[in-house]
Amino acid sequence: MTQPATVTSPELSPGPPQKPTTWSDRARDRRRAVAARLRGGDLGLLPVLAGLVVIWVVMQILNPIFMSSANLTNLALESVPVGIIALGVVCVLLVGQIDLSVGSISGLSAAVLAVLFVDRGLPAWLAVTASLVLASLIGWFYAQVHNRIGVPSFVITLGGLLGFLGVQLWILGPKGSINLPYDSGLVAFAQLQFLPPWLAYTLVVVGAAVLYGTGAARAAERRRAGLAAASRRLLVGRSLALLAGLGAAVWYLNRDRGVGWMFVFFLALVLVLHYVLSRTSFGKSMYAVGGNMEAARRAGVNVKAVLTMAFVLCTTLACVGGILSASRLAAANQSSGGGDVNLNAIAAAVIGGTSLFGGRGSAFAALLGVLVIQSISSGLTLLNLDSAYRFMVTGGVLLLAVSLDAVARRSRVSHGRA
Amino acid sequence: MTAATPSPCLPNASLPDCLPVLFGRSVMTVESLPSPRASSGSPLLSLRGISKSFGAVAALTDVDLDVSAGQVVALVGDNGAGKSTLVKVLSGVHQPDAGTVGFDTGAVSVTSPAVAQRLGIATVFQDLALCENLNVVENLFLGRELRGLRLDEVAMEVRSRALLGELSAKIPSVRVPVAALSGGQRQTVAIARTLLGDPKVIILDEPTAALGVAQTAEVLNLIERLRERGLGVIMVSHNMADVRAVADTVAVLRLGRNNGLFDAAEATASDLVAAITGATDNVVSRRAGRDRTMGDGADPAVGDRAVGDPAPGNGPAAAHKGEAS
Ligand SMILES: Nc1ncnc2c1ncn2[C@@H]1O[C@H](COP(=O)(O)OP(=O)(O)OP(=O)(O)O)[C@@H](O)[C@H]1O
Ligand SMILES: [Mg+2]
């Protein structure tokens, strides 16, 4: 990254098909593109990774229990519900919209699940399905109001925030709280089920192997087509790093209860969404709609369908988060999805590097963002600081993240790239 | 471009053809539809009576335009004449308030850009319409990615490089976001976009406005090649040199109305300028004067000829064009 990026390189010079010079030249072009992107204000996941390290170091210094296996095991599980909601928030932010009602929807979903499962005695899968269908219909409804009437999503979902909180209170009725039985699969999944160590290690190895395999296949294909490709050294290094990092994490967590199934489920969702966003035409159209809606429309993208999918994904993931949150608590009550759930989910997405201005972000933003938020929360709780401090610190971090987003955006403008 | 290539619309257009326009009527009247042109290959794209207003602003009033396969129509007019609006009506961005669009054989309604794309109408917009957060390859293939469920990145990148190479694009890397490109680089990307897919008509709204000398020459060459491949091309431009270099016919818009249809090889710069600026009485006298003094292509029977009559088509005009290109 030491080379300054020049505006024109001879890579696409005029004339008949020319073989673009040598390998190292192309690798250099690639490095230049990366360097130019960074300086241009396209920071990706770097700030949040740095922030996470800082927070962990500070918290560990303040309280040595913070980095203990027991606390980290807990932290991982605690992160999942809000993290999954944040995953949905990433979807709407990517298309340049917002959903302020994810908290209410997660609470409503928990309430619907509890009423159907406990009060009505329906099987769990049916109650979960009903809850998911209801949430996806809410997203569809938001999209219709937005697409047909043109109400800004900010206002629609602000209405949803209040309205669906009302529905939640209404269906919970006067007693206001429904306990989920401890012996139900849902509660077990969210609280008690951990991967056996051999399976956890196997998954780590498989993950590293898949990372190498897909990377090598891609590189080979690119090389065959005469394009710049990642070197074998880079691929091996990357997957060894993943192997070592995840292996160490699993080993450390296994000193306590281990890796929760719920956390694995969250990781799987992150990976699926990452694939959809980066490797499918639907994902590209989401970025396009968030980047320049009119350009996307003129390119033939069905903008309304993309927006609808984004809203539906968001509310559906909010529902999944709400159900897992209730399962973890073994109860759905009037405060399910209330308090700071809503803003934590949105903050997680933004802290992770998803732009509030649309068109920038990734699935990993939700994962890293929620780890930041839960780390702050867990660390302050360990210090016996109550929610007053938690709110203040989280608010400060959010402000920092949004400022970073705005500064990055201004830097893009000043580099003539926004 | 050779003299043998038919120029079905208005070969040898001359004074009498233009008279109706010059006196405030549109040339392409409905009567001219079943003219001999039909036999010589009916227009690929034909607009009739297109009107479009934005609130109180009448951007287009009763505009007609024809483009045949293998024909380059230049659309000229002053700022605000309605050129871009017409382009946007054709590409499905705006819906016309009145009028019909005929494409290939039947009447179509271009209700959205996606419909235009399916029909085979590709457009480079004046306001370029690229997504700045996406890179060059992603922009080129936006809306028509290869293998939607598992993107074929390699094929797309190879195709993009080849395409941009053809256009002599000076682009550092196809993997940089479009936001990092200069205006001219973006314009090249936008032009390259239209060549993907399999368009029948390509509309370029001021394609060379931001381009350097070499790139302008490439785009003009490209337009020639498109014509040879039998595509219809509509090019909006303020640059009369470019217009005269590649266009077969020149359609003038003024204040949202047709204001003349010229054969590019015949019309003088002052004719066009007069039609663009609206000095209609001058153009009549000037043209008349020119025809008298030059006395070449002005054949005596011209007054009786129907608009677009192909009969004397490959006469002096076409020959002249052959030299020009
Ligand atoms: N979206 C819009 N809303 C309102 N008025 C518009 C809109 N688009 C164009 N107009 C008006 O329509 C008229 C024609 O505009 P248009 O963009 O078609 O001009 P043009 O011929 O392309 O000009 P230029 O040479 O400057 O590109 C102008 O008076 C303009 O103000
Ligand atoms: Mg214009």
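Glycine residues also receive a Cβ, built from the backbone N, Cα and C atoms like all the rest.
Keep in mind that this is a model prediction, so the values were computed, not measured.
Annotation comment: TrEMBL describes A:1-26 as region 'Disordered'.
Residues or ranges marked as compositional bias 'Polar residues' in TrEMBL: A:1-11.
As annotated by TrEMBL, transmembrane segment applies to A:40-63 (among others).
The transmembrane segment feature in TrEMBL is assigned to A:75-95 (among others). Here the transmembrane segment (A:75-95) has long-range neighbours at 102-103, 106, 153, 190-191, 253, 259-260, 262-263, 265-266, 269-270, 273, 277, 286-287, 289-290, 306-307, 310-311, 313-318, 320-322, 324-325, 328, 341, 344-346, 348-350, 352, 354-356, 358-363, 365-367, 369-371, 373-375, 377-378, meaning same-chain residues at least 6 beyond its ends whose C-beta is under 8 angstroms from one of its own.
TrEMBL lists A:100-118 (among others) with the feature transmembrane segment.
Taken from TrEMBL, the feature transmembrane segment covers A:124-142 (among others).
For A:154-173 (among others), the entry in TrEMBL reads transmembrane segment.
Among residues of the same chain six or more beyond the transmembrane segment (A:193-214), those with a C-beta under 8 A of the stretch's C-beta atoms are 235-236, 238-240, 242-243, 246-247, 250, 254, 257-262, 264. Taken from TrEMBL, the feature transmembrane segment applies to A:193-214 (among others).
Sequence annotations record features per position, and here TrEMBL assigns transmembrane segment to A:235-253 (among others).
Note on the transmembrane segment (A:259-277): residues 73, 76-77, 79-80, 83-84, 87, 90-91, 94, 189-190, 193-195, 200, 203, 250, 253, 283, 286-287, 317, 320, 324, 328, 362-364, 366-367 of its chain, located 6 or more positions outside it, place their CB under 8 angstroms from a CB of the stretch. The transmembrane segment feature in TrEMBL is assigned to A:259-277 (among others).
Among residues of the same chain six or more beyond the transmembrane segment (A:306-329), those with a C-beta under 8 A of the stretch's C-beta atoms are 77-78, 80-85, 87-89, 91-92, 94-95, 97, 99, 101-103, 105-110, 113-114, 128, 131-132, 134-136, 138-140, 142-144, 146-147, 153, 180, 186-187, 189-191, 262, 269, 282, 285-286, 289, 296, 336-337, 341, 345. The transmembrane segment annotation in TrEMBL covers A:306-329 (among others).
According to TrEMBL, the feature transmembrane segment maps to A:364-383 (among others).
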Contact set, same chain, for the transmembrane segment (A:364-383): CB under 8 Å, 6 or more residues outside the stretch: 45, 48-49, 51-52, 55-56, 58-59, 62-63, 65-66, 71, 74-75, 78-79, 82-84, 86-87, 89-90, 266-267, 270, 274, 344-345, 347-354, 389-390, 393-394, 397, 401
Beyond the flanks of the transmembrane segment (A:154-173) by at least 6 residues, Cβ under 8 Å: 98-101, 103-105, 107-108, 111-112, 114-115, 138, 142, 145-146, 332-334, 336-338, 342
